[in-house]
Amino acid sequence: MGNTFGHLFRVTTFGESHGGGVGVVIDGCPPLLEISQAEIQAELDRRRPGQSRITTPRQETDTCEILSGVFEGKTLGTPIAILVRNKDTRPQDYQEMAQVYRPSHADATYDAKYGIRNWQGGGRSSARETIGRVAAGAIAKKILQQVAGVEIIAYVRRIKDLEAPIDPNTVTMEQVESNIVRCPHPDYAEKMIALIDQVRRDANSIGGVVECVARNVPKGLGSPVFDKLEADLAKGVMSLPATKGFEIGSGFAGTLLTGQEHNDEFYSENGDIRTVTNRSGGVQGGISNGENIIIRAAFKPTATIGQAQRTVNQAGESTILAAKGRHDPCVLPRAVPMVEAMVALVLCDHLLRDRAQCHLLT
């Protein structure tokens, strides 16, 4: 229950943080798509732990194995299974958490729902689950780029109260990947890195905002009323660990404007209907309008920290916990490829649905 995402392009993730491995089964991928292990690995490398001093020190290569669905470099149209084996596991670091609940983590709610949980690194609630999403997202990105020229770029917009002035319409992947925090503004990137360094030394954590832009998205993706494109984007992004908020276009700031100020006026560009502004964020009436889709996701501070906090054990007795283990002082740098993956999965699924419904007879 709750482990499968999508309608026509369906992904099912599996595995746990300190188990044998994690992975994904992708069903509905069209045949004859050229895809390599290296292309998928490149996305996983952006997500993997231990990539810099401001991420978790857990050392995993996250090397992916394509078990099925790809032959001689092309997809078969059959289920694609991808596996990443866990190597650097330390379940003993979490022994204390077998009985004690981490504040703001999934420990207590998993116990309340299932009556049992894998306490080793959070099990299924760990961010390692997102390996499968990023692997599937690499394939979705390839489909979107090849079919429609879609480009998806996410980046760190804000860490705590440091918000970088970034134009999503011009930002490049090279700018994003030019530093370890994945903020395309070099001056703010230095400040963000320094802040995360300090928080790490304090055995604490901080959160922030990832912004993502999808360019060249075809018009017509999304379906009213319950399958609106922004609704599915929100569901996909908000299903990522540590997310606490979602915005598209003007978002909450749009509530401060009048209708005249907020409306995106239309004009014709060589017969193509465009908008003068893009406060709608590329989606109107739940359907893409051809403008850049711009979304933002709020990520809370990492729940597992080394500072002492009040909590209770499974018996309901009060205790103090200073968590052990290896954790990100800030999830934002590694969340960037995760957000890109979820946006890609949603857009790819809607692209296939749109082609099936609206272009069969045209």
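Placed from the backbone N, Cα and C atoms, the Cβ positions cover glycine too.
Model, not experiment: these values are computed from the prediction.
Listed features, source Swiss-Prot:
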type	residues	note
BINDING	ARG47, ARG53	NADP(+) binding site
BINDING	ARG124, SER125, SER126, GLY285, LYS300, PRO301, THR302, ALA303, THR304, ARG326	FMN binding site
Sequence-distant neighbours of ARG47 (NADP(+) binding site) in its chain (C-beta under 8 A, six or more apart): ASP62, THR130, ILE131, VAL134, ARG334, PRO337, MET338
Longest CA-CA distance among ARG124, SER125, SER126, GLY285, LYS300, PRO301, THR302, ALA303, THR304, ARG326, per record bound to FMN, angstrom: 44
Please list residues from the chain of THR302 (FMN binding site) whose Cβ is under 8 angstroms from its Cβ, counting only those at least six apart in sequence. SER205, GLY207, ALA242, HIS327, ASP328, PRO329, CYS330, VAL331
Do any residues at least six apart in sequence from LYS300 (FMN binding site), in the same chain, have a Cβ closer than 8 Å to its Cβ, and if so which, in order? SER104, GLY207, ALA242, THR243, LYS244
Of the binding-site residues ARG124, SER126, THR304, which one has its Cα closest to the Cα of ARG53 (NADP(+) binding site)? THR304
